[in-house]
Amino acid sequence: MSENNKFQLGTIGALSLSVVSSVSIVICNKALISSLGFTFATTLTSWHLLVTFCSLHVALWMKLFEHKPFDARAVMGFGILNGISIGLLNLSLGFNSVGFYQMTKLAIIPCTVLLETLFFRKKFSRNIQLSLAILLLGVGIATVTDLQLNLLGSILSLLAVVTTCVAQIMTNTIQKKFKVSSTQLLYQSCPYQAITLFIIGPFLDALLTNQNVFAFKYTPQVLFFIVLSCLISVSVNFSTFLVIGKTSPVTYQVLGHLKTCLVLAFGYVLLHDPFSWRNILGILIAVVGMVVYSYYCTVESQQQKASEVSQLPQVKESESDPLISVDNGSGILSDGIVAKAPAWNSNKDLHA
């Protein structure tokens, strides 16, 4: 099997793992938050990261991957920034309407494109930009319901978007610069993320819910779903780093919007959530955007490889990482969760 085919299979596996694990944790957390009243999303995320680190430590002990230390300051800064971005996303939902929070999530893609264009001189063709616009329009129609603005909520949303974009760009950049795998980066950054959220989590959750996480009544059912959520989060966190490392931050965000569509469909089919023509229209437009995005990424990837063969020096980087690409076609995928549950149903894992 050629290296290109192996890379494509690895990318498909990473994308599939990301979608399945993210949708699974949304379902689990929806039951935990909506049905059982455990509304402490930030604290729960710190437990997710702690369990992920412990799992990776066991994997390291079993020699399933090799520990590769690198710039400690870069790892610490990256881990703390990731933890802060999670807290800001939770605050954004807590101080904004669900509709404005969805707009915040949609803003991550154009912000990422802008940052990569300004600081990394990355080129995004008009076809790629058009496909992203179609995608964002579809997801916006399907998910954005109300837009109630307030100054504090707007500032928090802006900070959440910027920190999330920078953290995701750093995920891709660090892996390539230091030649570390997604597992190695996740293993080294997890403790800093977990500690950051473990410190700010209880205070943040108390601010958003007016409840104390330590005073909550932990029934066997609640404990079961917490443990299940933590176990699924291992796959969510790992697949997030894996997808960004194999593709790009923009492709990861596009992939994430598939989760919105899947969660909407799941809620309608199994939970009988309200589902209107607007949801259907938005999902269809989003799917068209995903198909177009993947198609043009595949075409540009093939063109870039042909250019590299014929003219090796001064090859410009482009957004050429398709969601799924094969020789004669492409598949599609995209993120997000629609917060139908209480305002606290925000969690990095839910839109990872």
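Every residue, even glycine, has its Cβ placed from backbone N, Cα and C.
Under the heading domain 'Sugar phosphate transporter', TrEMBL lists 21-294. Per TrEMBL, the feature transmembrane segment maps to 12-33, 45-62, 74-93, 99-120, 127-145, 151-171, 192-210, 222-243, 250-271, 277-296.
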Item to check | Stretch-level contact, the transmembrane segment (277-296) and the transmembrane segment (12-33), CB cutoff 8 A, at least 3 pairs | outcome: no
Next on the checklist: At a threshold of under 8 Å on Cβ distances, which of 74-93, 99-120, 151-171, 192-210, 222-243 pairs most often with the transmembrane segment (12-33)?
Outcome noted: 222-243
Next on the checklist: Need a quick answer: max count of Cβ pairs under 8 Å to the transmembrane segment (192-210), which of 45-62, 74-93, 99-120, 151-171, 222-243 is it?
Outcome noted: 74-93
Item to check | Reported mean pLDDT - the domain 'Sugar phosphate transporter' (21-294) | outcome: 84
Next on the checklist: Using Cβ distances below 8 Å and needing 3 or more such pairs, separated by at least 6 in sequence, tell me whether the transmembrane segment (222-243) contacts the transmembrane segment (127-145).
Outcome noted: no
